[in-house]
Amino acid sequence: MLLRMLHSVTRSQKYEDGIKWKFLEHKGPYFPPEYQPLPDNVKFFYDGKAVKLSLAAEEVALFFAQMLDHEYTTKEVFRNNFLKDWRKEMTLEERMLITDLNKCDFGELHAMHKQKVEARKNLSKEEKQINKEANQKILEEFGYCMLDHHRERIGNFKIEPPGLFRGRGDHPKQGMLKKRIQPEDVIINCSRNSHIPEPPTGHKWKEVRHDNTVTWLASWTENVQGSCKYVMLNANSKLKGEKDWEKYEVARKLKSCVDAIRSQYQEDLKSKQMGTRQRAVALYFIDKLALRAGNEKEEGETADTVGCCSLRVEHITLHDALDGETCVVEFDFLGKDCIRYYNKVPVSKRVFKNLKLFMENKQEGDDLFDRLNTNMLNKHLTSLMPGLTAKVFRTYNASITLQQQLKGLTSDNVAEKLLSYNRANRAVAVLCNHQRAPPKTFEQSMASLQAKIESRKEQLELAKKELKLAKKEAKGSSDSKLLKKTVQRCEEQLLKMEVQATDREENKQIALSTSKLNYLDPRISVAWCKNMEVPLDKVYNKTLRDKFAWAIDMTEPDFVF
DNA sequence: GATACTACTTAGAATTATTAAA
DNA sequence: TTTAATAATTCTAAGTAGTATC
């Protein structure tokens, strides 16, 4: 694998163009269990009266009941969408009766669900072991496929169970019913000469095809957004690994021509063509601020989020002067997953002047870059460097930032080294705007760590005093030697905890995992660990070590991104 | 060149497993 | 041994970007 990779620096395909495999065999996806009807003693009430629902309506009612503790169920849009879709599952009679969600009492259903969760938690060790083994068996049977003589782990071999759609942010479709997928909805993709997967008894597949220009094993169309879902390989598979490696090689190639590209867009800021100037400013944002490309989206189908090319005039505010700086652009918009991007950035006079011009005679709702879209931008980028698209800048800037931040760090303590690594990782996460909701128990866990630090400090003081005393009495006695060790151990533990506290505080709202998993060339981290004599598993968990096996194999300590 | 469709990567939340503390 | 905290893993939504179709 390594040799083949080295031989084809940017094209890892071992087959002719577009062919992804020669042989693919699998068991098909695993379907979730059938709906289990409610026991007779658990009742749904409408307008104070018990109502026995039909099976289909009951199942959907339970989806809602299970979510009652969630904020979603308080939202107007969610409730309306739910009621509308729920009524579609009802019998005529039920539909006549149930018209107002506020008159629905899901209390007993909700209680039953909570009880079930609790019961599962309280299962005995043996029972849990039995469940575990059963899951293992399912994984063994459905979780793997044969792809070109290799047994590969499948990423998502389980069909998504039915439920209520949970969009992010203000999603217009939140609360809609996500329907149960039947084998009749599923397309199977595999080799003609493989053992074709059997559909569950009494069912047929929608289609069995043999398309080796794609990597998916099965697909179905999801009913809420009408988009396609795929069963694909796990990240640790050869196919995914090669693609990942290729991604980082393209980003490294950008490193060698980024200076030229930057000069070019600086030059383009002066262009007579409005379109060219817009492209230049957009590229400047993408490069400097690591913004996403920003494809257009269908209005009203999803939450209102934007990326670079889809920014609207209301998303930026121009300040001739702000906080002692001139030409400041204030960004405030919702990006992917409705994560807010807020930033105040001083820019060059030329960029600023262009932005003012782009905003002229426009009103709220108008595109900032009205002469530009992601397609045009990427066409331009690909002409500057093969394989270059907007998202490569994120990969490049993330990885180069990590490498720079890690340079010249010195410490002999592993905990301190790890803090430095996490800080470098954090710089990248900030750049890419990878945020998370602060953990629910954050304040509490911070306080308990602080308390531990205090008690350890006291312990250390005490140990120090005792040592002093012991030294006075008899130099070099076994007693004082022992105490010396205690003091040392205390100091180490204290340092470790203090470092941990700093790390955690700084990490409150920042998610490190996304950049680690998707943006940072793993060879930088592997080489750093080797150079700094930090065990790799301090930085990468099992999943990451698996995913980045290719990098762990090939990286020498002198690797430079 | 608009736009619909397809295939794939990237994303944070939710769930589950593991470890540490009580 | 039990419980609570933390870490790992799973889940699936939401992006990017290429191609097909008009």
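Cβ coordinates are placed from backbone N, Cα and C, and glycine is handled just like the others.
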Range among A:109-140, A:141-172, A:173-204 that TrEMBL annotates as coiled coil: A:109-140
Surrounding residues of the coiled coil (A:109-140) on its own chain - C-beta under 8 Å, 6+ positions past either end: 30, 38-39, 42, 44, 61-62, 65-66, 68-69
Per-region confidence, the coiled coil (A:446-507) (mean pLDDT, whole number): 75
Neighbouring C-beta atoms (10 Å sphere around the C-beta of A:Tyr519 (active site, O-(3'-phospho-DNA)-tyrosine intermediate)): 25
